[in-house]
């Protein structure tokens, strides 16, 4: 059948505006994070199942396992839209993926700006989280390990000072506290001992009963909030690099999905054009 003059041969039935490079690059991009999300969920669920029931209900707000599961599930759903949308060339799924990714990016950007502008309120929120974590220190093994790591990493003890540990029922200094750890602090507050082969987990025994000078000979007495703030100020470039590293994959995903959506729309227009002119004897 003769082709209408002026219609490019490249726009025949075999031509496609959809670039295989863009399509499969977006697919494998989402597949990678899809697998990562499933690993995150699996690790989070495993961590929850390994805990006792009472510990599992003790401190949901700061439980790292719960956080891992929630982030993993959200990432799974988001990357599912990206994977299937790119593979099936589904505009609805691709637009959903792009919109959700844009919202996540804007929320992260807003959180960073608000944290910088309202640094005092952010500091207060961090203090609240740390104090809540201190209260539930013995209730959650993951939380306990996280606090111990933070205190050793930043050479600190408690939120404001080492006496913050009195908020914990096991370390409380009240006379009616029957705990053997009464008026103590965790071993992670203790100053490191050179060439120590075995960790002395009782090194913080009775430290809250000592004054600042006496306690400073054995444990860290400064709180972790000030140490954390100082660390952030000293590593702004590093944190900026991490933020950029998180933002780049999101921006790439948004860009690729929008490019693919536009290509699919152009392909649909081409198919409609071919259908409308198929009955034309000069087509």
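Any Cβ shown, glycine's included, is placed from N, Cα and C.
Looking at 65-85, 128-148, the range annotated in Swiss-Prot as transmembrane segment turns out to be 65-85. Transmembrane segment is the annotation Swiss-Prot gives to one range among 97-117, 160-180, and that range is 97-117.
Relative to the membrane, residue 49 and residue 123 are listed by Swiss-Prot as lying on one and the same side. Range annotated as transmembrane segment by Swiss-Prot, chosen from 236-256, 257-277: 236-256.
As annotated in Swiss-Prot, transmembrane segment covers the listed stretch 25-45 rather than the other ranges in 25-45, 193-213. Shown for the topological domain 'Extracellular' (118-235): DSSP residue counts in helix, strand and coil, namely 58 helix, 4 strand, 56 coil.
The separation of residue 183 (disulfide bond) from residue 157 (disulfide bond), Cα to Cα, is 14 Å.
Cα spacing between residue 190 (disulfide bond) and residue 172 (N-linked glycosylation site): 18 Å, rounded to the nearest whole number.
Each of the disulfide-bonded residues 156, 173, 183, 189, 190 was scored by the other Cβ atoms within 10 Å of its Cβ; the lowest score goes to 173. Note on the topological domain 'Cytoplasmic' (257-283): mean pLDDT across this stretch is 81. Note: the topological domain 'Cytoplasmic' (86-96) comprises 9 helix, 0 strand, 2 coil (DSSP; helix = H, G, I, strand = E, B).
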